[in-house]
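**Student:** Just lifted these from TrEMBL, have a look:
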type: TRANSMEM; residues: 12-29; note: transmembrane segment
type: TRANSMEM; residues: 87-108; note: transmembrane segment
type: TRANSMEM; residues: 117-135; note: transmembrane segment
type: TRANSMEM; residues: 141-160; note: transmembrane segment
type: TRANSMEM; residues: 172-191; note: transmembrane segment
type: TRANSMEM; residues: 197-215; note: transmembrane segment
type: TRANSMEM; residues: 236-255; note: transmembrane segment
type: TRANSMEM; residues: 297-323; note: transmembrane segment
type: TRANSMEM; residues: 335-354; note: transmembrane segment
type: TRANSMEM; residues: 388-405; note: transmembrane segment
Amino acid sequence: MKKEFKLSKLFPWILLLGGYVYNIVFFLSKGKSLIDSDMASEMLLSDLLNKQHAIITKDWIYSTEIKVFEGQWFYRIGLLLSPENWLVARTIGTMIGLTVFLLGVMYLAKILEHKELGVWMAAFLAWPFGFWYFFDVILGTFYIPHCIFIVYPLAITISIAKSIKAGGYNKFIIGLQVALIFVLGVMSGLNGIRQTLIFYAPVFVYAIVVAYIGFRETGLDAIKANVSVKMNFAKVSMIGLLGNVMGYGLNIVLFTNRYNYSSFNAMTWGNGSDSILKTIKWYFNSYGLFDFATKNFFSLSGIGAGCGLVLGALVIISIFRLLMLLRKIDELTQIYVGVMTAVFVVVGAVFTYIWGEEQYWCPLIPLGVIAVFLEIKCDPILKDFEKKALPVLVMLCVMLSAIGTTKANIATPFRANVGFDGALQFIQEQGYTKGVASFWMSDCVTELTNGNVEMWTMNDEYTETLLWLQSNNHREIPEGEFFGLYNINDQEFEDNFEDTFGVEGQKVYEDERYMIYSYEK
């Protein structure tokens, strides 16, 4: 019995470790072939910030966010530890960011008084299941910071609310926690309005609902008094919201006219049923239903996609079951379910500024994953055996989804440059240190040459430099000897480049996908 008990306790930790090992092996063996310029730009920015010993810089043209506290902090550590091998640096940075995030998930489970579920939740989220979670969270780490800025403020706010209700708390500790949720709010607000929309605004909605229900039941005393953890949570959450709003205000006042980046001003509210349908579609894409990567039904990739859809359906079922059980579950789980529901409703009403809902669903996937394990634990219709077996079956689906997703995307990369090795090898053998290319190739060259080749990013027609995710010093083409990298069918763009900038190029390399011209200015 003791061995069985130890094995059951150890098993989720083995699955968690397995997720880390899978990610590391995948990154180091296949990661190069899947890197795109969006991902590479994070490494370039991190390298620049390390060189300048800065938090933000005027020497970089940002995209839609100023990126004060985002993924570059993890990559900066990776580059400090592995400056000569950027793939290793990327792997280190990603694993650090993932660890910070998963520790937050386990801490949230502990605060919810379901500590034993924390490692299961972390094990689930350690694997690269479903296309968008694989692509935007694990491979690109774009949304790991946003996930971090959800789980930690939520956990700490609940912790404060619990302590106040219990009484006899250490005022110094509570003061530190209050300061921390305020600082986390400011940090996330400095990045822009995204975290406000995906977390703080929904929490505000939930707090208003809790306050309104309390007021209807017992009047203002319900709001003023220490009557419940829920009401305490509603009141304390305003501190985080205040910090976030202040951070966003500082973003507008300090950054808008001083740094080079776009904004979310083009984002609008959803358009009725069209928005709802798109929201549902993008939600399922997050778990595995994606049109780009090849998925034959009976292939490993197809089975993985099917498992991803099962996971997505399971999350929806779990959310509905928890809502049905809302009056029967404990108060802490009620708070979690209430916040999660508010998040899903508010985000479902927002139509993102470009392409679809995927960008906002990715940070919310962990909320659904946590709900799955809470439902298994709290559902009275499940027998003890089922409560023990279901997490194992869920993790089997997760692993199959992860294996299928990565296999499909190795076979059919999303935005990466297929067959890039020959051109990269030629560039390095010839000793080039400067070049020009269009966006989806440019930053990749710099990362894949470990920062040894500086690239100027051009617009698609090669008629001007692109003011997007590159050095602010790259507004003019390079001086001296440099190369131009083109897709094989883009001869007209090479002609455009020569005509626009008055340079004469000589073709020095060509393969079935790419061609390289040499220039001197």
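Cβ atoms here come from the backbone N, Cα and C positions, even for glycine.
Automated prediction, rather than curation, is the source of TrEMBL annotations.
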**Student:** Go through the chain and flag residues at least 6 beyond the ends of the transmembrane segment (297-323) whose CB is under 8 A from any CB in it; none is fine as an answer.
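**Tutor:** Residues packing against the transmembrane segment (297-323) from afar: 129-131, 283-284, 286-290, 329, 333, 337, 340-341, 344, 368-369, 371-372, 374-376, 378-379, 394, 397-398, 400-405, 407-408, 411.
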**Student:** Taking the transmembrane segment (197-215) as the first stretch and the transmembrane segment (87-108) as the second, find out whether 3 or more Cβ pairs fall under 8 Å, excluding pairs closer than 6 in sequence.
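**Tutor:** No, the transmembrane segment (197-215) and the transmembrane segment (87-108) are not in contact.
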**Student:** Let me check one thing: do the transmembrane segment (236-255) and the transmembrane segment (12-29) come into contact, meaning three or more Cβ pairs under 8 Å with sequence separation of at least 6?
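**Tutor:** As far as Cβ distances go (cut-off 8 Å, pairs 6 or more apart), the transmembrane segment (236-255) and the transmembrane segment (12-29) do not touch.
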**Student:** Is the transmembrane segment (141-160) packed against any residues at least 6 beyond its ends, judged by a Cβ distance under 8 Å, and which are they?
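**Tutor:** Apart from its flanks, the transmembrane segment (141-160) reaches 38, 42, 69-71, 73-75, 93-94, 97-98, 100-101, 104-105, 107-108, 110-112, 174, 177-178, 180-181, 184-185, 187-188, 191, 194-195, 198-199, 203, 229, 232-233, 236-237, 240, 332, 335-336, 339, 362-364, 366-367.
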